[in-house]
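Peer 1: Can you read through this structure? Questions will come right after.
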Amino acid sequence: FIAFCASLFIKPGADRRFEGMENPGYRSGSFDGLHHPSDDDDDDEMVDIAGATLDFSSTDDVPPLSTGYEDYSSSSRAAGMNGNGPSKLVDPLEDLVPGVGTYEDFNTIDWVREKSKDRDRHREITNKSRQSTVALLHSLCDAFSGWLLMLLVGLMSGALAGGIDIAAHWLSDLKGGVCLTDFWFNHEHCCWMSNETFQERDRCPEWQSWAELITGKSEGAFAYIMNYMMYIFWALLFSLLAVTLVRAFAPYACGSGIPEIKTILSGFIIRGYLGKWTLIIKTITLVLAVSSGLSLGKEGPLVHVACCCANILCHLFTKYRKNEAKRREVLSAAAAVGVSVAFGAPIGGVLFSLEEVSYYFPLKTLWRSFFAALVAAFTLRSINPFGNSRLVLFYVEFHAPWHLVELAPFVLLGIFGGLWGALFIRANIAWCRRRKSTRLGHYPVIEVLVVTAMTALLAFPNSYTRMSGAELISELFNDCSLLDSSQLCGYKQPANTTDTGVGNSLADRPAGENLYTALWQLALALIFKMLITVITFGMKVPSGLFIPSMAVGAIAGRLLGVGMEQLAYYHHDWVIFKGWCSQGADCITPGLYAMVGAAACLGGVTRMTVSLVVIMFELTGGLEYIVPLMAATMTSKWVADAFGREGIYEAHIRLNGYPFLEPKEEFEHSSLAVDVMRPRRSDPALAVLTQDGMTVGEVETLVESTHYSGFPVVVSQESQRLVGFVFRRDLLISIDNARKRQEGIVSTSQVFFSEHAPSQPPDAPPPLRLRGIMDLSPFTVTDHTPMDITVDIFRKLGLRQCLVTHNGRLLGIITKKDILKHMAQIANRDPDSILFN
């Protein structure tokens with residue numbers, strides 16, 4: 001059955017078309033007048049993605065013009081020349097013209113048209129299924145194809161994520177030394193395989209530092225300097241390889257990817273952003289960037305990797321290859337898969353896609369997202385990259401329950417997370433804007449190397465900054481046990497008690513010298529992480545923000561937790577501790593404070609709420625600590641929203657000028673549609689087509705003299721009664737196709753959009769009927785429609801444009817670009833920062 005479905009849906013040679021986000025169509029610039037760059041062009045050829053100016057005037061991932069089209073055209077012309085019949089009137093509605101209904105790069109899809117196409121396709125399949133058994137099987141395969149695609153996306157993403165985790169762990173440990181028995185083992189696995197006994201948990205005979213290998217000594221100043229230099233060398237090498245590969249092969253592989261994914265899911269097309277080269281380079285450079293020791297994570301980029309997998313696999317299925325709206329449903333599910341494999345949190349991944357990323361998320365997509373996240377999590381668990389037989393990244397097992405009094409410090413951590421989130425967003429956006437507007441942005445390789453060198457120089461002396469972000473968070477979440485040798489568990493053992501608390505946990509004890517040393521190191525690590533993450537996020541290497549934000553919160557939480565623990569130990573007779581914290585009891589769990597602080601800081605930066613809480617308890621296995629997590633997360637969101645409602649991803653979308661209408665943003669201005677529409681009073685009249693009376697030459701002249709993406713069709717220039725709307729691309733492709741296929745079409749041929757051809761003189765050239773490419777039901781609003789309603793229409797229907805009428809007469813047009821410019825003006829921002837339509 002699966003083989004039968006594959007034969008129906010998988011098109012031979014589809015691997016040659018994996019690269020783009022576009023449907024197979026015509027190369028940009030194939031038709032005269034198809035593109036006229038200008039200051040207000042809706043389809044700019046120069047685009048700034050994540051701070052890198054790239055030229056897309058030539059698109060390598062689009063099939064050439066001759067693909068499929070020349071054969072079709074030449075066979076039609078040959079049939080006409082051989083006298084097989086008179087030249088017929090070609091209608092794009094009846095004779096499908098290749099390229100009609102597709103979109104140019106850096107343009108917005110028409111959600112309504114795409115959904116209508118899918119309904120027509122489904123209706124046709126359903127009707128045919130009643131006629132034959134083969135058609136019925138085809139209908140079943142069509143319904144099954146979506147689940148098959150989700151299965152493939154989950155398997156591919158889970159396998160890639162497992163490989164990334166294993167490789168990143170190995171290369172991170174390579175900065176400190178190498179395993180003598182098997183060099184491909186990381187430090188932990190190398191010591192696991194050791195048959196000899198050793199006292200310190202991180203020192204086994206099979207693992208040797210670079211100083212031991214080169215000088216034969218493991219202690220002393222010279223050995224320390226040698227390890228220091230090798231650490232910096234490997235960090236610079238990894239970061240150099242990462243930024244060079246990104247710059248040379250896939251400029252789209254830099255950054256987090258989530259701002260661009262959100263923009264693509266809202267309907268914008270960035271061809272190549274989810275292509276095969278981006279996937280390959282992002283996978284390789286993500287491992288290198290994480291291993292270099294930079295203050296970044298791999299969780300955000302894994303969402304980009306999963307979406308690349310989904311986009312590539314979509315080309316195997318006609319239903320998704322030829323429909324941009326259906327493809328975005330798959331990409332929404334892929335975003336859930338990315339978080340599922342990043343954290344081992346399938347349910348949190350589905351909620352993350354629903355709350356944070358997706359623009360259109362129907363119930364069917366929810367089910368398929370859940371299935372894909374489940375498959376990806378199962379695949380990752382089968383690979384077992386963490387070596388602990390668990391899916392979660394930071395498994396915790398706290399023995400003491402939390403008390404109601406502790407909600408106060410949890411809320412305090414929420415306040416800290418909100419303040420840190422607001423401060424980080426402002427500082428990072430200011431730095432990224434400086435990078436874009438100064439010469440700093442012209443030297444991305446030097447910038448990455450300088451930041452890497454600074455990070456390595458400052459990180460190595462401090463053991464908490466030297467370790468990777470994931471290891472640091474795991475250390476901070478840890479609850480001290482009897483056999484724990486960590487500095488964070490360096491307490492004094494009271495001489496007058498033998499009580500060891502409950503189970504394997506220890507009672508609250510006074511802090512010892514090792515713990516005080518660890519607290520000073522953590523305080524310095526907190527300052528270092530807060531500063532270095534600001535300049536690291538947004539560089540030209542793959543960089544996620546989840547782990548660095550969680551690390552900042554976990555450090556702050558652990559410091560507060562230890563402070564509360566010592567307060568409870570020395571002042572257990574205070575009112576706030578009476579009745580639940582007696583002397584010698586295990587009252588305060590510092591690891592829980594670290595977990596709550598991590599959630600608070602991540603929530604302050606991203607403004608996630610529900611999905612964040614679910615991700616955190618899936619990430620740690622701490623199901624009973626949902627209330628502290630909820631309290632801290634909501635507090636951080638409220639505090640951060642007081643300084644600005646934008647999260648870090650929305651701020652980067654606005655910085656890069658992506659055409660994204662934020663669904664969460666309220667439109668509170670009292671303007672009307674007539675105040676926003678074009679043309680304005682001082683502008684020239686609106687360029688329109690009439691339903692008859694225009695020639696092919698006049699239409700081509702109008703198109704070539706303007707830069708608009710589409711044209712309203714009216715009854716006549718005098719009446720301005722609206723008939724429909726036609727897209728520029730469809731219009732030019734249809735005219736070009738008619739000149740090649742329909743005999744007698746010349747510049748003087750009449751063009752008509754009406755149902756019946758107008759009367760013509762006997763010697764006139766044959767007319768060209770283009771009613772089939774016209775949208776007969778364009779969305780319209782009256783000139784007195786409030787703009788808040790108009791904005792809601794654009795958001796909920798995903799419109800590209802809306803026509804403005806007065807008593808049925810056309811007055812103007814409002815595009816998404818006009819709305820974004822108007823909203824920027826209201827917010828006292830530069831309206832020209834909006835780059836696209």
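Backbone N, Cα and C atoms are what each Cβ position is placed from, and that goes for glycine too.
Residues or ranges marked as region 'Disordered' in TrEMBL: 20-84. Annotated transmembrane segment per TrEMBL: 147-168, 231-250, 270-290, 302-318, 330-354, 407-429, 441-460, 518-538, 545-564, 592-617, in sequence order. According to TrEMBL, the feature domain 'CBS' maps to 677-741, 774-831.
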Peer 1: Tally of helix, strand and coil residues over the domain 'CBS' (774-831) according to DSSP?
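Peer 2: Breakdown, helix to coil: 23 helix, 18 strand, 17 coil.
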Peer 1: For the transmembrane segment (330-354) and the transmembrane segment (302-318), does the number of C-beta pairs under 8 Å, pairs 6 or more apart in sequence, reach 3 or more?
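Peer 2: Yes, these stretches are in contact.
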Peer 1: Under 8 Å between C-beta atoms and at least six residues away from its ends: which parts of the chain pack against the transmembrane segment (592-617)?
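Peer 2: 339, 343, 345, 347-349, 351-352, 354-356, 396, 398, 402, 409-410, 413-414, 416-422, 424-425, 473, 476-477, 545-546, 549-558, 560-561, 564, 623, 625-626, 628-630, 632-637, 639-641, 645-649.
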Peer 1: For the transmembrane segment (407-429), which partner among 147-168, 270-290, 302-318, 545-564 gives the most CB pairs under 8 Å?
Peer 2: 545-564
Peer 1: Which stretch, 147-168, 231-250, 545-564, tops the Cβ pairs under 8 Å count with the transmembrane segment (302-318)?
Peer 2: 147-168
Peer 1: Based on DSSP, tally up the residues of the domain 'CBS' (677-741) by helix, strand and coil.
Peer 2: 23 helix, 17 strand, 25 coil
